[in-house]
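The block underneath contains the structure these notes are about, expressed in structure tokens.
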Ligand SMILES: Nc1ccn([C@@H]2O[C@H](COP(=O)(O)OP(=O)(O)OP(=O)(O)O)[C@@H](O)[C@H]2O)c(=O)n1
Ligand SMILES: C[C@](O)(CO)[C@H](O)COP(=O)(O)O
């Protein structure tokens, strides 16, 4: 399931960042090519904004493995909408991988390794990388001042895909929404139910394209992956 209904406000571009040009295609086309290169991915549901004029113009939107649905106001709403579109296609015990449209540099090998590690895990988990930098909390009074240093010994940066059983993920997201518990990733909803998703070591180059400088970096990464999808 690919949430792709965001507006990319932090990118401050004329169009949503998932449709920006990247390495002779667009951000979302690279993301979908990577997912479709994983043999064990059967269907990809893409949640796009209502009346999105860009998505229908992409040939990949007609790919036989791709189903399109409408997204929501927040990322979690778009993911819930995408899961709704899988009703009847997915069984409760099927694994669902949620992957940001804004993460085009993911490697199929990382996704396959996560599936290998988690396919018989009781909960599921996420791609993530241990934090290498020293982390600081900003002052609540002056954002440019350091308030304190965060213990990074057990700190990881969550990425996507995030992989959970269809029924459990649907329940967890609906429960979080009902509790008014705001989640910025799927794992948070499972944690809110008291379960512990697994951390699967990912790659630091699986960046989420968020601000303009991320595009130049993604271009370099994709150029270095030229033989990846052959
Ligand atoms: N209502 C939303 C908001 C975000 N997303 C998707 O969730 C992914 C990660 O979100 P983010 O990087 O925050 O994208 P935007 O919300 O578009 O960015 P911003 O917060 O800068 O506006 C993106 O692929 C985005 O398209 C979505 O499907 N529906
Ligand atoms: C899901 C995610 O990519 C994990 O790091 C991240 O939480 C998305 O956050 P965003 O603010 O919706 O980009």
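Cβ coordinates are placed from backbone N, Cα and C, and glycine is handled just like the others.
Residues or ranges marked as site 'Transition state stabilizer' by TrEMBL: 10 (among others). Within 10 Å of the C-beta atom of residue 10 (site 'Transition state stabilizer') sit 13 other C-beta atoms, taking all shown protein chains into account.
Sequence annotations record features per position, and here TrEMBL assigns site 'Transition state stabilizer' to 17 (among others). In the three-state DSSP scheme, residue 17 (site 'Transition state stabilizer') is classed as helix.
Sequence annotations record features per position, and here TrEMBL assigns site 'Positions MEP for the nucleophilic attack' to 152 (among others). According to DSSP, residue 152 (site 'Positions MEP for the nucleophilic attack') is assigned to coil rather than to any helix or strand.
Annotation source TrEMBL lists site 'Positions MEP for the nucleophilic attack' at 208 (among others). If you take the C-beta of residue 208 (site 'Positions MEP for the nucleophilic attack') and look for same-chain residues 6 or more apart in sequence within under 8 angstroms, you find 100, 102, 103, 159, 160, 214.
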Cα-Cα, residue 17 (site 'Transition state stabilizer') versus residue 10 (site 'Transition state stabilizer'), nearest Å, comes out at 9
Considering only the recorded sites 10, 17, 152, 208, which possess a Cβ situated under 6 angstroms from at least one atom of ligand 2? 208
Rounded to a whole number, how many Å is the Cα of residue 10 (site 'Transition state stabilizer') away from the Cα of residue 152 (site 'Positions MEP for the nucleophilic attack')? 26
